[in-house]
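Here's the structure, in structure tokens; my notes come after.
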Amino acid sequence: MDHLGPVSIQTGKELTVRSHPHIGLATITYLYDGVILHRDSIGSEMPIRPYEVNWMTAGSGIAHSERSQMDSQYSILEGIQTWVALPKESEEVSAEFFHLDRKDIPVIEGKGWELRLVAGEFLGKRSPVKVYSSLFYADLDAKPGAKGEWKIPFDQESALYVARGSLEVQGQTIGVGQMAAFLPGETISFSSTQGSRSILLGGIPFPERRHLWWNFVSTSLERIERAKLEWKEERFAAVPGETERIPLPDK
């Protein structure tokens, strides 16, 4: 999970992530402020704005770039990007890209709080985003004085990451940049005195170990070595409209 910003966006100081590759995972991009243009090697080109969803399944391989866009509505860029492991049997699926508009995100409401279900299934609601395993990923908007309690299934892990404000969780205060992790089947009890914007995430854990090297994730070290060679030898498909790429790191 990568908390992007908050950072001021000015001409000459834009976010520029040149073309780079992924295998064996999916990425979720969710913004609070600003605009980012996504381009990828399967031909997708999509700006993402606050409270919209970009889900990219790398699978057998994809290259993409991300560049902040100047917009008169936003002077700040802030958001969350999370890597999601794919099940072993889905690691080599064809690459896909899915964009979800904010009006199409399912909403769950409680006492002073609102959950926007970005991906997966939670409390009887299901996001339209195509996922490959049992998971949930939601934006929690807790107003001052909010209180809530969720029972997590016994086969699922879960966590809360605070992006703005603070939450009182199981009697402890969780601030910006902190994450509270919970045992499978645990009941999550929370409140917020000042208000908070947080990410609730979880799902059924996979039994196999994942290997991570740079932007590559796989249950197979051999597959990662092959991906390294393919990027080095420029055998990944190019990203239309992009002339720059990030070279393979030495280590």
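Cβ coordinates come from backbone N, Cα and C, glycine included.
Just so you know, TrEMBL annotations are computer predictions that nobody has curated.
Straight from TrEMBL, the features:
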type	residues	note
BINDING	HIS20, HIS22, HIS64, GLU66	Fe cation binding site
DOMAIN	1-84	domain 'Pirin N-terminal'
DOMAIN	137-236	domain 'Pirin C-terminal'
- Note on the structure: Around the Cβ of HIS22 (Fe cation binding site), other Cβ atoms within 10 Å, all chains included, total 24
- Item | Cβ-Cβ distance under 8 Å to HIS20 (Fe cation binding site), same chain, at least six residues away | ALA63, HIS64, SER65, ASN215, ARG245, ILE246
- CB contacts for GLU66 (Fe cation binding site) [other CB atoms within 10 A, all chains]: 21
- Query: Including all protein chains shown, what's the count of other C-beta atoms within 10 A of the C-beta of HIS64 (Fe cation binding site)?
  - Reply: 25
- Item | the domain 'Pirin N-terminal' (1-84), counted residue by residue under DSSP: helix, strand, coil | 0 helix, 56 strand, 28 coil
- Item | Env. residues of Fe cation site, Cβ within 8 Å of mean position of HIS20, HIS22, HIS64, GLU66 Cβ | VAL17, SER19, PRO21, THR27, ASP40, MET56, ILE62, ALA63, SER65, ASN215
- Query: For the domain 'Pirin C-terminal' (137-236), what does DSSP give as the number of helix, strand and coil residues?
  - Reply: 12 helix, 54 strand, 34 coil
